[in-house]
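Asker: Dumping the structure here so I can ask a few things about it.
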Amino acid sequence: MAATTENLPQLKSAVDGLTEMSESEKSGFISLVSRYLSGEAQHIEWSKIQTPTDEIVVPYEKMTPVSQDVAETKNLLDKLVVLKLNGGLGTTMGCTGPKSVIEVRDGLTFLDLIVIQIENLNNKYGCKVPLVLMNSFNTHDDTHKIVEKYTNSNVDIHTFNQSKYPRVVADEFVPWPSKGKTDKEGWYPPGHGDVFPALMNSGKLDTFLSQGKEYVFVANSDNLGAIVDLTILKHLIQNKNEYCMEVTPKTLADVKGGTLISYEGKVQLLEIAQVPDEHVNEFKSIEKFKIFNTNNLWVNLKAIKKLVEADALKMEIIPNPKEVDGVKVLQLETAAGAAIRFFDNAIGVNVPRSRFLPVKASSDLLLVQSDLYTLVDGFVTRNKARTNPSNPSIELGPEFKKVATFLSRFKSIPSIVELDSLKVSGDVWFGSSIVLKGKVTVAAKSGVKLEIPDRAVVENKNINGTEDL
């Protein structure tokens, strides 16, 4: 049976009995559930959707660059807080603990690179840009231990936890922990839309406002391209934009990403889940919807405080039904990008693709560990020797899924500056100093181990056995 608002009182009294939740978590959860049950979801009328103008989604190259003046730069940086979403685990890549502690390059983790970047800014300009990590209950304990290694760095690191909400047993519509599910599996973090109330409830927001901070730059900790950009910050301060979402041109690999639209005079995020079935193909096309959300967000701190206090951030609810330990459960989530329509003077900025370099799988690690990129001062920068603006497409079979097995199958990462595409399947092992060019497919026959020898140069080849080399 479908749950209705009649289920609320029962759910509410069960939640009241959950001692692990704070009062603000309880009220936030109940408010989310009641919005979900009342079916208040905004209905998008397809014909009203308009492509945003350059005033609303500003081309990056039209923004005025920041001068080389050290004083101006310091003045901008003094208004900034950097926040990384650090709630995710490395499980999909076969790692335990927070995803941000996976080694990305030269023995440095995501978190190492982030700290080095901010420390370089603080040293160079004599400022104190703080780093804030939003953890979930899944990553909190580990992160707490890990950040101790940065005690002597010139970066103030703050951590806070996003909310912990109970999963709801679908058929009875009661919180799972009330039915005796007391371990971690009974709970969930409600998506990164929670960043705004959680930052406020942690007390950190008021701390930063009292220090004269004005903007927070929010990004996923696994996006290596999400570095501090003063051109964007200066634009927002000058134009009093309370919110800015970085978008970038869609390629065929990004068809599922949310896009920005103009709707009834407001800029808003349109996600694939909100699109009526008959328009899904149109949504995925790169002709009509040319940009997608990188989840690099710049938000005014005073505006966050005002909207959270007014309980005005009613983002689209993303219902996420799951089956855990044989029980069908429901978790309700929200996304930070969907908050754009509640802020005054909100804009998008159409940034170069280099600001979106997420590492979601071992195929992405292959890219960033190869000669396609170099690492300077904590920044991962693309090799100028590559003329093709887009990266090679890389598909690795399940044998490469876990980081440890991925690393063990390469004696060294091949040169891929001139590679267009690579597809690997089966029990394949790579020697050292290999060069891959053009379109390369390596498919080991079932049950056969295929080794690509040291110093092999493979160009536009389909390899099924050593005889093809």
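Every residue gets a Cβ built from N, Cα and C, even glycine.
This is the feature table in TrEMBL:
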| type | residues | note |
| --- | --- | --- |
| BINDING | Lys99, Gln162, Gly191, Asp222, Lys360 | UTP binding site |
| BINDING | His192 | substrate binding site |
Asker: Which has the fewest other CB atoms in a 10 Å radius around its CB: Lys99, His192, Lys360, the listed binding-site residues?
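Answerer: With the binding-site residues Lys99, His192, Lys360, fewest surrounding Cβ atoms within 10 Å: Lys360.
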Asker: Given a separation of at least six residues and a C-beta threshold under 8 Å, show me what packs close to Gly191 (UTP binding site) in the same chain.
Answerer: Ile318, Glu333, Thr334, Ala335
Asker: Quick check for the class: what is the C-alpha distance, in angstrom and rounded, between Lys360 (UTP binding site) and His192 (substrate binding site)?
Answerer: 17
Asker: C-alpha of Gln162 (UTP binding site) to C-alpha of His192 (substrate binding site): distance in Å?
Answerer: 8
Asker: I'd like the Cβ neighbour count for Asp222 (UTP binding site), meaning other Cβ atoms within 10 Å of its Cβ, all protein chains included.
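Answerer: Within a 10 Å radius of the Cβ of Asp222 (UTP binding site) lie 22 other Cβ atoms.
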Asker: Quick one: pull the CA-CA distance for His192 (substrate binding site) versus Asp222 (UTP binding site), whole Å only.
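Answerer: Each residue's Cα considered, His192 (substrate binding site) and Asp222 (UTP binding site) end up 14 Å apart.
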